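Asks: I grabbed these lines from TrEMBL:
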COMPBIAS  15-32  compositional bias 'Basic and acidic residues'
DOMAIN    274-363  domain 'Peptidase M43 pregnancy-associated plasma-A'
REGION    1-43  region 'Disordered'
Amino acid sequence: MGPILDLAASQILHPARDSEAEHRSSGSRPERGSGSIKGRRDPPQTALKFISSISISPQLFNSFSDLPVPLGPSSCTHFKMRFSLALAAAGLAQTAFAAPQPSRGFGCGAPEPSEELLQVSQQFAVEEAQALAESYRSGNLTARDVTAQAISVRVYIHVVAASTALSGGYLTDTMINNQFSVLQSAFAPYGISFTLAGTDKTVNANWADDSKGYEMTMKRALRKGTYKDLNLYFLQKMGGNLGYCYFPTTASPGSTAYIRDGCTILYSTTPGGSSTNYNLGHTATHEVGHWFGLYHTFQGGCTGAGDSVSDTPAQASASSGCPVGRDSCPSQAGVDPIHNYMDYSIDSCYEEFTPGQQTRINSFWTSYRQNAS
Ligand SMILES: [Ca+2]
Ligand SMILES: [Zn+2]
């Protein structure tokens, strides 16, 4: 595959966003490399199967582990990654299936969870359902409580700005605290609490622009804590996206997967920020959902395993705005979960995670983060 020839295709798949105020554009970055989840489930390597999923979901992007073109961490900027992934996906798509679907108008920078990771989630779904059934059989009617332990997470917040002006991305302590409070409130109903373990502010114009390629450099300098601790990076520029994050994986201390773990978020999405419709602080909520192992509710479209969460109705594509009553998979049960934090609705539309997502968070937490160093 020639990466260059696919640029047009990548643009079709993922047009640059005109304004972050118009469409949510955020997502998670999957583990790159086959080591992403090995050690836990030993899933089969089924690149083509994964690739076929690309054809049914335009926001899709890619499993880094399946990419034919290695992307060095130093070149791992959001824009570069978006295009590189699209290139690879488009190139593979040419041989694997028909033309990609047209864009729906948002340029999600979110890579797809890898095929391996999707299989992990499907296996979790099976185990969770079995546990639930067993709980009912044994007369335990609080099965959800059994499967959803309390989770406490230490959070490190890094402000990375181009200058000490607010427009440069330099959040005030009050802004940081307000954002943190939003995160706490959003997750509290699901038994998840956060403690603010530390904050720091860095002025570095290169680091503050995610498209410039300093992600790993920045993270090597700023990351704190262990793999069960959450690092949030608030940047001045995100290349047209609102944020991205990394799914749980098996990551040894010092490894690339370990260092890059955490979420990168556009500074103006914090409460009261300048990202119209996305300034109640819930881009962080959405991204942290990915950090806990949740996929977009529109993952996989109307067919197949979707997000592998049974109580989030299937969804053909990302929602935009707050389209009450939207039913993009009319042949499937339920209307679109537009109020779910893992859709792309505007912040004011966000209301909830589901019990199934709470359980899934617990499954990932237990397997990948709880006992990590
Ligand atoms: Ca679902
Ligand atoms: Zn996302």
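Just so you know, the numbers here start at 1 and follow the chain as drawn.
In case you wondered, yes, glycine gets a Cβ from its N, Cα and C as well.
Would you situate these features in the structure and describe their surroundings?
Replies: Predicted-model confidence for the domain 'Peptidase M43 pregnancy-associated plasma-A' (274-363) is 96, expressed as mean pLDDT.
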Asks: For the domain 'Peptidase M43 pregnancy-associated plasma-A' (274-363), what are the DSSP-based totals of helix, strand and coil residues?
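Replies: Counting residues per DSSP class in the domain 'Peptidase M43 pregnancy-associated plasma-A' (274-363), I get 22 helix, 2 strand, 66 coil.
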